[in-house]
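Novice: My structure is below; once you've seen it, I'll send some questions.
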Amino acid sequence: MTSPLVIKLGGRVLQSASNLERLLKTVQQLALLRPLILVHGGGDQVEALLLQLGHTSLKVDGQRITPAVQMPIVAGVLAGDVNTQLVALAQQHQLNAVGLTLAAGHSIACDIDANRGAVGIPKPNDAKLLQVLLDQNFLPILSSIGASDSGERLNVNADLAAAAVAQLMHADLILLTDVPGILDKNGDLIETILADEADALIADDTVRDGMLVKLNAAVQAARASRRSIAVAGWQDAKALTRLARGEAAGTRIRL
């Protein structure tokens, strides 16, 4: 079987009907060529509901601080609203989508990040469920909700979650974002970054906040899988096709 491709979607793509339509048409075409797994976040949706319900919301270095009291809200948005919406739309495009959390089938284990509250640090664990689904031509769509060994629900950064899933499945990884890729200080696209160069980009503040997490996830996945990892903009559906074919688009993180 051709190696799988893991595609990470930000929740923001769901807020643009036209871009999501183009993206899912591309996913539909790619699914004919190789097994796919989608991993999604939903930070904007979580943020909106937290504020609506009177909660404060804080991020540090691009990752959300999640008090345990907020987990019912976070899980409801990500594993409930966003995941079911994406599954329904994927099925409209003749994709045999199945909605899951990271904890399903013990696929991704999580340690608790005590500094960030009910936040999980994901690690590959058991590929059996996802492999069975891929073998039967299903499209797994995973929300970034995990669980600890003690059964505590955990909020997991979706970029880190996607990297862990890619490692688990020995898959290629594409992280889709709101910009064309990783940008330098002048706002120009960096087409290729060696994994060992990433620290310099972080140290001089070229990369920060959400893109900092994305770059760390890409480097982690590149080193673990020995594969190049791509970061690209979700607005350009053609870029996703080019990346899936191994062609140039966005930013490639290489060893």
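Every residue, even glycine, has its Cβ placed from backbone N, Cα and C.
Values in this document were obtained by computation on a predicted structure and should not be read as measured data.
What TrEMBL records for this protein is below:
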DOMAIN    5-231  domain 'Aspartate/glutamate/uridylate kinase'
SITE      LYS8  site 'Transition state stabilizer'
BINDING   GLY42, GLY43, ARG64, ASN155  substrate binding site
SITE      LYS214  site 'Transition state stabilizer'
Novice: Could you say which of the binding-site residues GLY42, GLY43 has its Cβ with the most other Cβ atoms inside 10 Å?
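Specialist: Of GLY42, GLY43, the one with the most crowded Cβ is GLY42.
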Novice: On a simple 10 Å Cβ count over all chains shown, which one of the recorded positions ARG64, LYS214 is most densely packed?
Specialist: LYS214
Novice: Work out how many Å separate GLY43 (substrate binding site) and LYS214 (site 'Transition state stabilizer') at their Cα atoms, rounded off.
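Specialist: Pair distance, Cα basis, whole Å: 14 Å.
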Novice: Could you state the CA-to-CA distance between ASN155 (substrate binding site) and LYS214 (site 'Transition state stabilizer') to the nearest Å?
Specialist: 16
Novice: Near LYS8 (site 'Transition state stabilizer'), which residues of its own chain have a C-beta under 8 A away, given they sit six or more steps off in sequence?
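Specialist: Sequence-distant Cβ neighbours: LEU38, VAL39, HIS40, GLY41, ALA158, ASP159, ALA161, ALA162, LEU173, ILE174, LEU175, LEU176.
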Novice: Need the DSSP three-state call for GLY42 (substrate binding site) to compare against my parser.
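Specialist: In the DSSP reduction, GLY42 (substrate binding site) maps to coil.
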Novice: What number of additional C-beta atoms lies within 10 angstroms of the C-beta atom of ASN155 (substrate binding site)?
Specialist: 27
Novice: On the 0 to 100 scale, where does the mean pLDDT of the domain 'Aspartate/glutamate/uridylate kinase' (5-231) fall?
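Specialist: That stretch averages a pLDDT of 91.
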Novice: Provide, as an integer number of angstrom, the distance between the C-alpha atoms of LYS214 (site 'Transition state stabilizer') and GLY42 (substrate binding site).
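Specialist: Here the two Cα atoms are 15 Å apart.
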Novice: At its widest, how many Å does the recorded substrate site span between Cα atoms of GLY42, GLY43, ARG64, ASN155?
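Specialist: So the maximum pairwise Cα distance among the substrate binders is 11 Å.
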